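The following features are taken from TrEMBL:
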- A:12-38: transmembrane segment (TRANSMEM)
- A:58-79: transmembrane segment (TRANSMEM)
- A:91-110: transmembrane segment (TRANSMEM)
- A:130-152: transmembrane segment (TRANSMEM)
- A:181-200: transmembrane segment (TRANSMEM)
- A:212-238: transmembrane segment (TRANSMEM)
- A:245-267: transmembrane segment (TRANSMEM)
Amino acid sequence: MTILLDVITTAAILFVVAAGLLAIFGVLKIINFAHGAWLTVGGYCAVATTGMGLNPWLALPVAFVVGSALGGITEVLVVRPLYRRPLDAILATWGLGIVVGQLITLWFGRDVQFTPNLLSGTINVFGLDYSFYRLFMVLAALVVGLGFAVLLEGTRLGLSARAVIMNETLARALGIDTAKVRLTTFMIGTGLTALAGVLLTPLTSVDPDMGLAWLIGAFMLVMVAGSSFGALAVACLVFGGAQTLVSTFVSPVLGGITVAVLCALVLRISPKGFARA
Amino acid sequence: MDRTTRKLLFAMAGGLLATAAWAEDPIKIGIPVGLSGANSVVAPSVVQSAELAVEEINAAGGVLGRKLQLEIADDASGAAGAQKAFDSLVFQKEVNAIITMETSAARNAGLPIVAKGEVPFIYTSFYEGRSCSPDLYVNGWVPEQQVPPVVDYFVKKEGAKKFFLVGSDYAFGRGMLEFARTYLEKAGAQVVGEEYLPIEGTDWTAIISKLKSSGADALITSTAGGAPNVTLTKQLRGAGIKLPYGNLAVDEGTAKSMGPDAAGIYIAASYVTSIDSPANKKFLEAMQKKFSGELRTPNDLSVPQYEGIYLYKAAVEKAGSTDASAVLSALGEVSVAGPRGTVSMNKQHHAPLTMYLGQVQEDGSVKVVETFPDVDPGTQCPNL
């Protein structure tokens, strides 16, 4: 029973962390290797917000605004010229990640920062005391996932975005302002990632490298999921589940590399990953 | 030979001109320390206490009439960074001694470089023990000194019989818990689980679930300081773990900034700020005066660093020079009265220490529950 909860909550955390990366990859076909840095930015938004004596929950909207603003600047200055050179974009965003990490270090110092917990304590589920916050992460993942579904299926922006995903040239020929779609998507992606950074603070320490630990896992999951949020959810459940099982029954040391290894295997066998499943 | 001649000439020139207040080159002390990475929480406090020691010694006339000078390098808390830091300190800056607190990985990477450059190395961090080298002296505690207070207290006062051990997967984490396991089994307690996560791991979920289902009635952890310690403690509290919790790797400063999550944790240390002695009060006041708003709470890693520099001073004065082999043999004989009391590294290059068992309070302060005077480091390096 505990394992089932561990699997679900681990998957939820992975989903929240990877969602922003998927949004950008799905529409823009760009791997945003600055993903880890945006997570870190979110973590530090939580530090700054609570440092000013404000309610820790306020860090969520603050991080979204800060993340999307910085994302907007990045899109215009760094990413926009590189859409036709996806490999260069990987390098550029990786470098950007290093720059952001260093700026954070300059501003806040290298050491670990502390933030108050958003929710503390445990809650009784099916006769088990389980971490309240981890269960809250499941809710957060559902909100993020459904939010995207509504955005993509139910709004004008979503329609344009889907058009861009399917055939960008045709979309532009039909008068869709693809540059604007890209900018908006990038901003939503980075904003969401910063928000995920805040959501991680009760689980990890906040330091200039905090995002890095999550980058590879999120990257591999997105590679497997392609551009579909449904596929991402499945991937998180399968690989997050595998990680939990390996950690529980084999060794937590191996558990740490389970996601990366399994994703690589899946991509070797089926290059499309779960996108067509 | 060349260097000696040059120094001699320099000294003569200095004597002839008699213009400078300091006749010779300063004595350089290299501090490779984890300004970034896992140790970055505690490194600034270590640098501060070293700065105070050097300032005090220089104000009182230096060592053998020479000024002390610090050379600080970032070892990135790991082996690769330590190699670079030691290389540049030993061979480019040509330091006279290395005195520092580091991770075990960084220390092990630095030892061959220190041996090659013939530089005395005073290691001021607590560690997993049994690091033996003619060039190395240690004034921090080892498992033989730190684990027994925690285990004895849990077994006798809390009546704990089943222990669960959690650590980071590296030399210190494994070494501490290996000793803890042996000691527990000797004390008649049972180890119901022993789990490790890589040092950069962030997800303790599976381990915490195992802990919960293991029926353990006490928990002992030994993670890397800083991030892993914080992450584990946060997730333990999130999962509602309320067992007696002995943390072999948390320092007072980190405990303080962790806030309510750290409350109730037991720590065993050779230094806590609340030690009631004139030497400690004088030290704390001097730190407060020098750094005021910038002050990092002095702790079990920064105070040995302060004392380490005084131990080096005493050894150089006893040896009458900074010559490496003379200083190395003097280091085992000198003793220094510092904030932790009188410390001498006279047991196989290690130091007998007074240990304090403390419990972190709601406000982050550490209350001393029991004191264990002059705990012996045991057999660390029988061949030295």
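The backbone N, Cα and C atoms fix where each Cβ goes, glycine too.
Just so you know, TrEMBL annotations never went through curation; they're auto-generated.
Between the transmembrane segment (A:212-238) and the stretches A:12-38, A:130-152, A:245-267, the greatest number of Cβ pairs separated by less than 8 Å involves A:12-38. A:181-200 is the stretch from A:12-38, A:91-110, A:181-200, A:245-267 with the greatest number of Cβ pairs below 8 Å to the transmembrane segment (A:58-79).
Contact counts against the transmembrane segment (A:181-200), taken as Cβ pairs under 8 Å, peak for A:12-38 among the stretches A:12-38, A:91-110, A:130-152, A:245-267. Taking Cβ pairs closer than 8 Å, the transmembrane segment (A:12-38) reaches residues 67, 70-71, 74, 79, 82-83, 86, 89-90, 93-94, 96-98, 100-101, 134, 137-138, 140-142, 144-145, 148, 161, 164-165, 181-182, 185-186, 188-197, 199-200, 203, 211-215, 217-219, 221-222, 225-229, 232-233, 236, 239-240, 259 in its own chain, all 6 or more past its ends.
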